[in-house]
Amino acid sequence: MVQAPSVYVCGFVERPDAPPKDACLHLDPLTVKSQLPLKKPLPLTVEHLPDAPVGSVFGLYQSRAGLFSAASITSGDFLSLLDSIYHDCDIAQSQRLPLPREPKVEALHAWLPSLSLASLHPDIPQTTADGGKLSFFDHVSICALGRRRGTTAVYGTDLAWVLKHFSDLEPSIAAQIENDANAAKRESGCPEDHPLPLTKLIAKAIDAGFLRNRVETLRQDRGVANIPAESYLKASDAPDLQKPDKALQSPPPASTDPATMLSGNAGEGATACGGSAAAGQDLISVPRNTFMTLLQTNLDNKPPRQTPLPYAAPLPPFSHQAIATAPSYGPGAGAVSPAGGYFTSPGGYYAGPAGGDPGAFLAMDAHTYHPHPHPPPAYFGLPGLFGPPPPVPPYYGSHLRADYVPAPSRSNKRKRDPEEDEEGGGLFPGEDATLYRKDIAGLSKSVNELQHTLQALRRETLSYGHTGVGYCPQQGPCYTHSGPYGFQPHQSYEVPRYVPHPPPPPTSHQAAQAQPPPPGTQAPEAHCVAESTIPEAGAAGNSGPREDTNPQQPTTEGHHRGKKLVQASASGVAQSKEPTTPKAKSVSAHLKSIFCEELLNKRVA
């Protein structure tokens, strides 16, 4: 490379094949064509800082690939600053290809690898009130990341070498750029140096460090601009900041995964960081002993699952009385009947044979069979033909229905000794160690009482659910037999009446509940009307605050005139809103939402 007193910077400032997301960044082709060629050079600044001009843009060119910019950096103070930065920056000194060392060029590629064009906002008219006309292009800036894609900057001390990296640029335009550069060098005198605002430059560099997915976006811009690999671009570099040491094994290189990159307030081209920090705000810390106590209480109070009873043939009426008197042989030996007083016989009953012998019907006394005035309503089998029926399993309660029998409590289980880190290791001085334990224990007790109440209500509902609210007689199965003492067509018996125990007195919360109407009656129409007035889920979901559908567009004022400019630098636009953090929920409310939802869904369902 031929050494030169200035550094050239070229690149696309707008690519039609990669349109930007923001409407204000779109450039009208007719407007751009009317503004070219430039009547005078445009200022070249750093990060759109008006008090940091470092050179001039001597031409903007419309090519088939997009709007192309060519500029030169002539500020002596800025070039000296680049030399100092290079010696202290490890990323600037890293190279993937064996290229000649260029401290200024390599420092620029590591610090300001993108171009940004500042143009007039499309909503602002170009004609002023006094009849003047505003220039559409205001200035071009070198920045850390542009808001338009494909705006990668290529620096170099040789203009021909810089233009060679853009394969989408027409040779005719490249030749025109070289001619304009020579003419601008002859016309321009000694460049004026302005003192650099170092504080602002450092602030912009800090903002650029929090751009989300900056390295990945720079790689994308490089691909859109179609720039080959033999350049000083740092977008694909992964610098090894550790000195090589053969004696010690070097650790693995730092990850460049976009998910691990930081983000910050860098304008519309980036989003603020902190997405992963909100993941732990919904968690609470519970001591291990408290958690194990809650888990044990849950297991102790959980009712056992009721296994379905094996299928058996239907039993004749009052067969349990015959099974109780069965001899010591046969399937019914040893069966125990329930306590008496559960059934009353208004007429007669048929007890059936005792041992399963068909001839036992003839040997039975006459009083063992009592005719009934009505014929049997159904036919279920022949008692005694296949032997006595299987024994009736024992029942609990005042009706023929199995109830839940809670398992014995594990009160004799050895309690774990409290650990030091659980009792006082995670607490600050003066903090009560039983604060969370009392809240959780009280909540667990309330949940257990509610579950027992719901189970009692469910058992009562299932007990009387087949006959409505009233205690109507329960009709049992009827049987016939064709033996000498069997039922004849003109004979019948009356169904035994079921006399249950009186129901328990209703509690306060049970009495307040409305009883369902008995079968055969029509529910009042007011219930249907009330259901029709229930709001839908979609309406309830939309009851929250609505977002503003017409947000005000941000405006950016020009640095030396009252124009509204559009700056295409991602790090030059600060976010107007800070990420809102959700309010922390109280401990009791959060615990209530966890345990109520988990325990009630598993037990009551």
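Backbone N, Cα and C define each Cβ position, glycine as well.
These features come from Swiss-Prot:
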ACT_SITE  His48  active site, charge relay system
ACT_SITE  Ser116  active site, charge relay system
ACT_SITE  His139  active site, charge relay system
COMPBIAS  568-579  compositional bias 'Polar residues'
REGION    235-274  region 'Disordered'
REGION    403-431  region 'Disordered'
REGION    489-588  region 'Disordered'
MOTIF     410-416  motif 'Nuclear localization signal'
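In sequence order, Leu42, Pro43, Leu44, Thr45, His48, Val57, Ala118 are the residues of the chain that are 6 or more apart from His139 (active site, charge relay system) and have a CB within less than 8 Å of its CB. The number of other Cβ atoms within 10 Å of the Cβ belonging to Ser116 (active site, charge relay system), over all protein chains shown, comes to 29. Per-residue confidence over the motif 'Nuclear localization signal' (410-416) averages 57 (mean pLDDT, predicted model). In the structure as shown, the Cβ atom of His48 (active site, charge relay system) sits within 10 Å of 24 other Cβ atoms. Reduced to three states, the DSSP call for His139 (active site, charge relay system) is strand.
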